[in-house]
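A short worksheet on the structure shown next.
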Amino acid sequence: IIRKKTFAEVQTERLEQAERTILIKCPSKLNENKLLQYLSSHGNIQSHFLFENHGIHALIEFSEKNSIASLQDAIGIPSAVERHVVPFKSRLFTFMLKNPVSQAAEGTPVHLSPQSHIPVKDLIQKLCHADSISSQMYILLNEYQLTEENIRLRFLACSLVRDFARAYFPDSVVRPFGSSVNTFGKLGCDVDMFLDFHDTQKSATKMKKGPFEMEYQMKRLPSERLANQKILSVIGDCLDNFGPGCVSVQKILNARCPLVKFSHQPTGFQCDLSVSNSIAIKSSELLYIYGSLDSRVRALVFSVRCWARIHGLTNSAPGAWITNFSLTMMVMFFLQKRSPPIIPTLDQLKVLADDKDMHVIGGYDCSFVSDLSKIKPTENTETLDVLLGEFFEYFGNFDFRKNSINLRKGKEVNKPESSPLYIWNPFEQDLNISKNVNQPQLEKFVAMARETAWILQKEDKTQRMINKEPWGLAVLLIPFGKSNHSKMKNKVKGIGSETIRSLLESLKLNSASSLQKAVEK
């Protein structure tokens, strides 16, 4: 068995890879071989791919970092006839054809790597050809998850921002966290990144032997928050004024976690930059571990999140609805509650931790095992078909008035305060990660979960497959108002009334064949 890499190993490898990578805006009629042949004169190309983002772009990874310097030396500065340029030698280039007419004819059709997932209607069609709900869920996962190319592009975006940060803080690193790295990101999601001064802080604590206590003179500020605000303010201005392709830069410095939002045009990502956020990295690592332990974990999360998005339970804009992170945590909790459990609780992962895994951040215990091979595989063999139905059943009947969701313990505990939905932050134990959710949104979620559980129970899969109608997961991805005529009114009061109503509906229809169809609906 190949040992699965730890989260830290993967991050280090990807960041190192990104430093050897460049991005080229290419001419529209492109001969891919000619491009690679030219670039190879500067060094060995380790890997490359092309994608469409307002024109064709090529991501090129060299084997050696010095190949980039060699290429940079061969590249000119844009002429300042109409507009003046800000001098900055980045790793973003534009290539144009010298004599476009003769060379354009040589353009060959190139393979482009998709950077966004397929539309839902195309997905539904694909799902109808599967042979079980489990395989439907894996198809959805496959279509929505980040591709290898998209992950590389995300790390490159961080690496390009780091080039600017290093002008001020030579030892800093810019790392992605959250959905870009925790294996639960879907194509098109934002890139959360943070500026890390970890190495600077480490070296500052190593006191040399000798008669003196020695330390750097540094600017002193009354709080870490103020320091972070000042750092982000300057880096934000820097990206805004000098960063090629960085547009719509917004500084949101008074948020609980100060950040700079911007759009990175060359890669096509919306980015959020904050300063050292060690607990957020721990959350990313925890999800990375859960996602790596069993293939059902990610398949279930992606299906539930897609379902929630289609039924208006989640939204990319901030508000009173459930977030993807909260939803992911609810799935994790549900998987901890299975018998036998599919994933361990955080307390169980802490027991397996050794000395190097011990981390206390800001007074919070963030210790858990990082080596995946120390975690025993689950003995649970339930299929995804079963788990999907049971998830909706479980939360459709969960006592949200009294209970909260705690991933440390893997069990329901009394709510410490009266928020409609209470999900404990796994590390900052005094925080509720779903504090934003209001009562109407929670009720909508419960009603939808009940409706969905009911649809999955009553569905006649074989008949639907024969009639070439959407079935299984595909049915759940059609807004309910459109697929069946029953409205959502009495869902919260229970399913009984629904059954009676559909029987009455069917009695109105006279012929046996239409009666048959009514039952199948």
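Positions of Cβ are set from backbone N, Cα and C atoms, glycine also.
With DSSP classes pooled into helix, strand and coil, the tally for the domain 'RL' (6-74) is 30 helix, 20 strand, 19 coil. Annotation source TrEMBL lists domain 'RL' at 6-74.
The domain 'Poly(A) RNA polymerase mitochondrial-like central palm' annotation in TrEMBL covers 133-291.
Positions annotated as domain 'PAP-associated' by TrEMBL: 386-421. Summarised by DSSP class, the composition of the domain 'PAP-associated' (386-421) is 11 helix, 8 strand, 17 coil.
On the 0 to 100 pLDDT scale, the domain 'Poly(A) RNA polymerase mitochondrial-like central palm' (133-291) averages 92 in the predicted structure.
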